[in-house]
Amino acid sequence: MALPPKWYQFLVSVFASLGSLLYGYDLGVIAQVIASQSFDSYFNSPTDNETGAVVSVFTGGAFFGAFLAGPAGDKLGRKWTIFMGALIFCLGGALQTAAQNMAYLYSGRAIAGLGVGVLVMIVPLYQAELAHPSIRGRVTALQQFMLGVGALAAAWISYGTYVGFSPDDNRQWRVSLVIQIVPAAILAALILLFPESPRWLIDHGKPEEGLRTLAQLHSHGNESDPWVVAEYNQIQEAITYEHEHEAKSYSELFSDRSSFRRLFLACSIQASIQMTGVSAIQYYSVTIYGEMGIEGDDTLKYQAISSVIALIAQFLCILFIDYTGRRWPLILGNIGNMITFIIATILLAKFPPGASGNTSASWGFIVITWIYNFSFSATCGPLSWIIPAEIFDTKTRSMGVAIATMVSFGFNTMIGQVTKPAMTSVGWRYYILFIVCNLTNAIFFWAILPETAKRPLEEMNYLFKHAPLFIPSMKRTDYATHDLERRVEEVEAKQSMNDHVEIKM
């Protein structure tokens, strides 16, 4: 029995999301690696600057990988770009695993980051271009979900290698690094067996192959299916218009008002995600564990609990995001984040861990970080990948998503660099920044974010050209053309008429 088309699209997207799993795994596993006694001994007790560089060179590489993925996605296609990113990551993972000195390790981290940057940028774009509008949100939400799966796997694998190998055994950190190569190799080996984006095919002079792919995705290969015919015609007309009138180069992202509006929105979302404090609260929670006397393998247990909570929240987002829309989950998610930061800031100010001796307050802080993790992972995290992937037109989508992803990595690196010295110099007052940012994020997106849920990608142009810049009371049905539905009805009517004529004859 053939899979229903939407299930087929979903499962293809799950496989492509192995690229996101690599990002989550690497971010999670490196904390265990640099904390391992065998790592410390092998590299002669690296300084704080050296271990900090081990972490940050990865996101630096990812920044340039996202930039590379933009033109590569347009030139080579979505599948070949995923293949390239997976191969680059395999090389970086191998270099990290075999590292003989810090320079060796830095190069592996930078190359792995380059590969992850390519994958994190291209995967949600590929998913959005494959998916039916009614499930596009849950499909692109897989990016954040698989990030969580990777983080969870890293937490438990790290725990296993930490307690399973002796402190003088280099396998304590090399095993967890080599494991990340496995999903990357599987992704590289099999991605070319999956369908290319039909929009990329039609855009690059392969309309017949694009039609076949649409039929494969939506109707078990039936090229006469009304939905397939209607969507094919809509895509072809939209791309023809783009070729003739606009989006002749990446400069269109900045020179065309509608395109720049979308670029500004995508970059604002990615920057706002980092300014929710997601990185800062996770970095400092580990310090809290230590000040409470929780160390070693117990710390890894609590990190694993946090990963499970995040995964549950991301799964709920996958289930409901196409019903709730995009606007209000993002707005309410930022408000929820703000409330948890207010409570965390009060706890840190009144009962400093390790200084006040109030372990109940310290545990309260840890629970609040878990609640924050749930709020962020159910809303802001997934939406930071969903919205940028769906708002651009075909000719600007690849570079637009690439620039937004670069903003994400840039802000991630900045927050990672300033958090520790900021917490040292101003302590709990640093958290006030994120209270303010979450509040302003909520107000900002309430004012300017149009609702994009369930709209065909080809109808985003109309939305962003006609919706006003200030749009606080927008409903999902506002500025909808219903063009695809009309086309489907016309195709069905025409086919019905032809069938009727054939019967009479």
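Keep in mind that glycine also has a Cβ here, set from the backbone N, Cα and C atoms.
Taken straight from TrEMBL:
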| type | residues | note |
| --- | --- | --- |
| DOMAIN | 12-453 | domain 'Major facilitator superfamily (MFS) profile' |
| TRANSMEM | 51-68 | transmembrane segment |
| TRANSMEM | 80-98 | transmembrane segment |
| TRANSMEM | 104-125 | transmembrane segment |
| TRANSMEM | 145-165 | transmembrane segment |
| TRANSMEM | 177-194 | transmembrane segment |
| TRANSMEM | 304-323 | transmembrane segment |
| TRANSMEM | 330-351 | transmembrane segment |
| TRANSMEM | 363-387 | transmembrane segment |
| TRANSMEM | 399-418 | transmembrane segment |
| TRANSMEM | 430-449 | transmembrane segment |
Contact call for the transmembrane segment (363-387) against the transmembrane segment (304-323), three or more Cβ pairs under 8 Å: yes
The transmembrane segment (304-323) and the transmembrane segment (145-165) contact flag, 3+ Cβ pairs under 8 angstroms: yes
Sequence-remote partners of the transmembrane segment (177-194) [C-beta within less than 8 Å, at least six residues beyond its ends]: 12, 15-16, 18-19, 21-22, 25-26, 29, 33, 79-80, 82-83, 86-87, 89-90, 93-94, 96-97, 112, 115, 157
Ranked first among 51-68, 104-125, 145-165, 399-418 for CB pairs under 8 angstroms with the transmembrane segment (80-98): 104-125
Top partner of the transmembrane segment (104-125) among 51-68, 145-165, 330-351, 430-449 - counted as Cβ pairs under 8 Å: 51-68
Range from 51-68, 145-165, 430-449 with the greatest count of C-beta pairs under 8 A to the transmembrane segment (330-351): 430-449
Distal contacts, the transmembrane segment (430-449) - CB-CB under 8 A, six or more residues away: 265, 268-269, 272, 275-277, 280-281, 326-327, 330-332, 334-335, 337-338, 341-342, 344-345, 348, 387, 419, 422-423, 469-472
